[in-house]
Each structure stands twice: as C-alpha cells, then as structure tokens.
C-alpha cells in the first residue's frame with residue numbers, strides 16, 4: 001500500500017503489486033456482494049477505499065511491466081491515493097462495528113481535507129527557481145509522507161479499543177507504520193540501502209492478507225449474529241419455538257432419551273397489569289436465564305409463546321425431574337414470581353408435537369391444582385388431559 005519507488009524492471013514492485021491486486025480484488029468483490037445485500041455505509045466505504053488501492057497498485061503493476069512510463073505526476077497521485085485509501089479503509093473497519101457518529105464524521109472529513117492541504121503544500125512553488133519546478137516537487141513529498149506515517153498511531157488511539165479484533169487490527173497498523181517508515185528511510189535518509197526498498201515491497205502483501213482476514217472474520221461474525229437472531233427470541237435470548245421444535249424432533253429421531261419440560265409463569269397477566277410491561281419483561285428474562293442455566297450442557301431451552309417457557313433434557317427421567325424441580329425452586333427463591341411446571345418423558349412413537357402436548361397438559365394440571373409445583377404427565381389420567389387443555393384455553 002505504501003510502495004512509492006516506481007522503477008521499471010523492479011521485480012519486488014512487480015511481485016508486491018501483483019499480489020496486492022489479487023487480494024484487493026477479492027476484498028473488493030466481497031465488499032460489493034455484501035453491499036448488494038445490505039446497503040450499509042461501512043461496505044460503501046470499503047468499496048471506495050479498495051478501489052483507490054486497486055487503482056494505485058494497477059498503476060504500479062503497469063509501470064513495473066513497462067506499460068506506462070514512470071512520471072512525478074504518477075508518483076504524486078499514487079501517494080495521495082494511498083493517504084485517502086488508508087483513511088477511508090480504517091474508518092470503514094470502524095464502521096463494521098459501530099455507527100458513524102457526528103464526531104467520527106468530523107474526524108473523517110477533517111483528515112481528508114488535511115491530507116489534501118498537506119499535499120498541496122508539498123507541491124506549491126516556493127521562492128527559488130528550483131522550487132517553482134512542480135514536477136520535481138511531486139517526486140518527493142516529505143510532508144505528505146510524514147502525515148501518512150502518523151496516521152497509523154492516530155488510528156491506534158482512535159479505533160483499536162473499539163474494534164472487535166483489536167490484536168489483528170493493531171498488527172495491521174503496525175505493519176502499515178513499518179511500511180511507511182521503510183519508504184521514508186529509502187527515500188530521504190538512506191536512499192542507497194536496498195533493504196528498505198525490499199521491506200517496502202514485501203510488507204504490503206502481509207498487510208492485505210491481514211486486512212482480508214479481518215474483513216472475512218467480521219463477515220463471519222455478522223452472519224453468525226444474523227443467524228442467531230433468526231433462531232432466538234429477542235427479549236429472552238431463548239431459542240424461538242420453530243428452532244426449538246426442530247431440535248427436539250431431531251433428538252427424538254436420533255433415538256435419544258428425551259424429557260420435555262413445560263413452564264408457565266403464575267399470575268403473569270396480573271403482574272403485567274399491576275406493575276407494567278417493563279417489570280413483567282424483566283421477570284420473564286429472569287426466569288428465562290434460570291431455565292438456560294439449568295439446562296446448559298444437558299439440553300435446550302426455548303420460549304414457546306408469551307409467558308410459556310420450555311426445555312428438553314437429554315438423559316434419564318430422573319434428570320428431567322431434577323431439572324424441572326430445580327427450575328421451579330430457583331424461580332420461587334430468586335424471583336418475585338412462581339411457575340407451574342409439567343414434564344413428559346418420550347416414549348416410542350412420540351413426536352415433538354405430541355411430547356409438547358403431554359408436557360403442556362401436565363403443566364396445566366400443576367396450574368389447576370395449586371400452582372408452583374411440578375407434575376409428571378405419567379401421573380395424571382390420560383382421560384382428563386384433553387378436557388383440561390380445553391378448559392385452560394378458555395380461561
């Protein structure tokens with residue numbers, strides 16, 4: 001990204017530019033596809049910055065293949081593209097994790113304008129006749145190079161603490177800083193030492209690989225988050241009914257020993273009416289958290305609907321009974337409500353729907369026989385269960 005030695009027949013330039021074009025093209029394609037599906041500002045910023053970088057390295061590639069003669073104007077344009085691309089791409093990485101706030105927007109445009117003013121200052125004519133040679137001044141722009149060098153530490157302070165992959169991001173900025181330092185060393189301080197040109201030629205490849213890995217990992221995180229939100233309830237973080245029933249059906253078809261637990265918060269509507277939705281939602285989240293804790297590692301918890309919470313446990317009937325009783329007991333002790341619980345153990349031929357219906361009937365038996373208790377479906381009369389469910393739906 002920071003290579004500015006535009007010399008024909010330079011194998012290092014050819015290698016780094018070719019590799020950069022390939023990697024940046026992949027990132028550009030990925031960003032374009034993401035932007036097509038989600039019109040997010042961060043993806044638009046990524047596309048813009050990657051386009052700048054791609055143009056820069058295409059110019060370098062053409063020069064290294066002697067398709068375009070090197071000129072001071074191209075050197076200057078390349079440097080300005082580097083500065084703008086570096087600014088835009090770092091703000092784009094930040095926006096992958098956070099919305100752009102007014103202060104961030106002010107920093108963004110401020111840095112762009114500052115970069116342009118510094119670039120103009122580098123090429124503006126001075127007092128002497130030599131200073132009036134614009135083309136020669138375009139060849140070396142020490143102020144713009146220094147500005148680019150300082151952007152790395154600035155972004156470490158601004159963005160690194162707020163990025164979800166801080167180590168990877170800080171490593172990329174360290175590489176960028178080292179690249180620019182090597183460029184300036186080979187241009188201004190030790191132009192005859194080849195090692196600086198070699199470092200400046202090789203490090204861009206590692207920089208873009210790191211940048212690609214950072215972008216790819218963030219995309220995976222976003223996809224996982226989208227998938228997670230599609231299978232969970234937004235309020236309780238429990239699995240939603242459709243996903244829960246699907247997993248239960250899978251466990252039954254696999255022949256695993258399954259017990260289903262059905263919970264209903266007692267007097268929830270009264271709590272909602274007297275204390276308001278906010279208080280009721282808080283209680284619902286408390287009970288849901290207890291349900292998740294008690295089934296973690298042994299099964300799955302879900303929200304069936306309203307104040308109805310469900311779970312299934314893989315294991316013996318005793319394990320299901322113990323989990324159900326523990327959920328009831330902890331709810332009574334740790335919250336301001338109680339719950340009525342019913343459970344049913346899977347038998348041969350049971351489906352997810354039939355097993356849930358049995359646990360529902362057992363829960364209703366707990367509800368109508370005093371609340372705040374646990375009922376095993378096997379202990380209630382099968383003949384009474386259908387009528388009980390009808391009464392419950394009507395109450």
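For all residues, glycine too, the Cβ spot is worked out from N, Cα and C.
According to TrEMBL, the protein has these features:
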DOMAIN    256-379  domain 'GGDEF'
TRANSMEM  12-30  transmembrane segment
TRANSMEM  42-63  transmembrane segment
TRANSMEM  75-94  transmembrane segment
TRANSMEM  106-127  transmembrane segment
TRANSMEM  147-164  transmembrane segment
TRANSMEM  171-189  transmembrane segment
TRANSMEM  195-216  transmembrane segment
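Counted with DSSP, the domain 'GGDEF' (256-379) comes out as 65 helix, 32 strand, 27 coil. Nonlocal intrachain contacts for the transmembrane segment (147-164), taken as residues 6+ away from its ends with a CB within less than 8 angstroms of a stretch CB, comprise 2, 79, 82-83, 86-87, 90, 93-94, 97-98, 107, 111, 114-115, 118, 170, 173-174, 176-177, 180-181, 184, 218, 221. Residues 76, 79-80, 83-84, 87, 91, 100, 134, 137-138, 141-144, 147, 151, 158 of the same chain lie 6 or more positions beyond the ends of the transmembrane segment (106-127) yet place their CB under 8 Å from a CB of it. When averaged over the domain 'GGDEF' (256-379), pLDDT in the model lands at 94.
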